[in-house]
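K.L.:
What follows is a structure written as structure tokens; I'll ask about it next.
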């Protein structure tokens, strides 16, 4: 697989030297959860694959397995002439800051964090809005009046998911209670499904019947446990409804694929812009997943309520509080 | 704290302790025979991977268990070959196994399934699922005893019960059989055993095979009972915690179980206390509870359990006198 990729890139590189100038050499660096986490990173991979399928331009990617490998990978890509270099994790913030200064002619994209450099595009999402929508679904669907949240690493970004979810659940039905747990405080928290499942079990024991997992690959354990226990779960980042049809209530889809695809496409079309892009419901950056897998679970009332919440957020009549704006969540 | 919460924590304690119990018992067998086994972690990981792959391919959890045990025994034999037959350093051999496990499982998983080192999710029929005892559902709402029965006695998978059976079984083997007596002797004074005309090498090999079987159960539990597939590095340091529990328990079977349950309880308690407010203090940062098991381990080891003396011949390869 890696060999094939390297080989393909060499071929692509040789072709580009003679082809038109618009051809680019894009590179993608994933977060530490791994490329096939069925969630965040897999969404990024999907965006890059879409670009490849449409344009035939090969890209190179790298899966850092530890927090220290990201900077090496980013610098390595930049020094080999890859452009643009897309890094999809808040964990690479300082890495991008450093490397972007070293390679002013290379275009960088960072997802989930803001880096203020003339050659860096920062793509952030309004996760609170998407989480508000799935919170609405959970709040209306729950029979016990208790809904759960299992976060990956305990960082403001993930608290932002929780906060939006909590607001949605409370708005859906007054008196709804939200239980919350985080898997850990290090990068390993993104890939510990055993603990994810155990935390979910604990919340189910406390009466939760819908659990929202924002925990990368650890979320797989949460979804699995909910399915085993005959309860319901909510997936994150990618559409995870298909993982356990009938048990996954919906997914908070974060269009990381869009960030990657747009970065590659803009670089190709010479339309690359630096600066901050904040993608919310209005920009189709976040959404709730509604497909054949969860259609039987979603009643017309829930559907109507979510559509209304969506319209309200777009029109501005409902303002979802962003945890990261003041590091607190209104109760 | 309400009874319901207590039951929930105890249930979680049991689920989290099982891999520790199996692994610590595995360590008990080898270390009592004089072979230190740092490679418990790696064996657990290897067997988790093998069990997940076999269960996925065949659809049978029993074949998964068989594969997990087989692979774990093979790795144990490698450890034995390096450290018993060739008298290599037991620690180095164990560490090598850990590195090999962490790398090889991920690489093979990626090569076979292309899912980032993960194995495909298993269907319920390919896993060990919860066994519900008779009347558990009816008794669930009948007070503390009923709930205890429904959530703690009933509702676990078969490997959980096997783990609790393995504790008295290990005790019986070690303290009530000839094999056990010799095994303990070979860890204290292999020269005496050799003088009695018993092969030190063969005895130690048998001890590592016992360890392989138990580690295989631990890995299988992780991959196809507790979760539904293998994930890279899913053992997450449990092998080392089991080793700590073994030392904690001074290399005796029943205390081993209690130490593992204590570690499991601390883990479960840390999970439970997240985001809860403590009376008089308010909400305590989750990091404090996550650090609690380690702090308690240090305190208990330093102050309360006294000297833990390992088997005398532990870590020393046996060389026949000439």
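Counting begins at 1 with the first residue displayed.
Each Cβ is built from the backbone N, Cα and C atoms, and glycine gets one as well.
Predicted automatically and left uncurated, TrEMBL annotations should be read as such.
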K.L.:
For the feature transmembrane segment as recorded in TrEMBL, pick the matching range from B:40-57, B:58-75.
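P.N.:
The range carrying the transmembrane segment annotation in TrEMBL is B:40-57.
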K.L.:
Can you tell me which parts of the same chain pack against the transmembrane segment (B:91-113), counting only residues 6+ beyond its ends and a CB-CB cutoff under 8 A?
P.N.:
36-43, 45-46, 48-49, 53, 75, 78-79, 82-83, 119-120, 230, 232-233, 239, 315
K.L.:
Are there residues at least 6 beyond the ends of the transmembrane segment (B:240-266) whose Cβ is under 8 Å from a Cβ of it, and what are they?
P.N.:
9-10, 12-17, 19-21, 23-28, 31-32, 37-38, 40-41, 164, 167-168, 170-171, 174, 218, 292-293, 296-297, 300-301, 305, 308-311
K.L.:
Do any residues, 6 or more residues outside the transmembrane segment (B:6-28), come within under 8 Å Cβ-to-Cβ of it, and if so which ones?
P.N.:
37, 40, 43-44, 144, 147-148, 151-152, 155-156, 159-160, 163-164, 166-167, 170, 174, 210-215, 217-219, 221-222, 226, 235, 238-239, 241-243, 245-246, 249, 251-253, 256-257, 259-261, 263-265, 267-269, 271-272
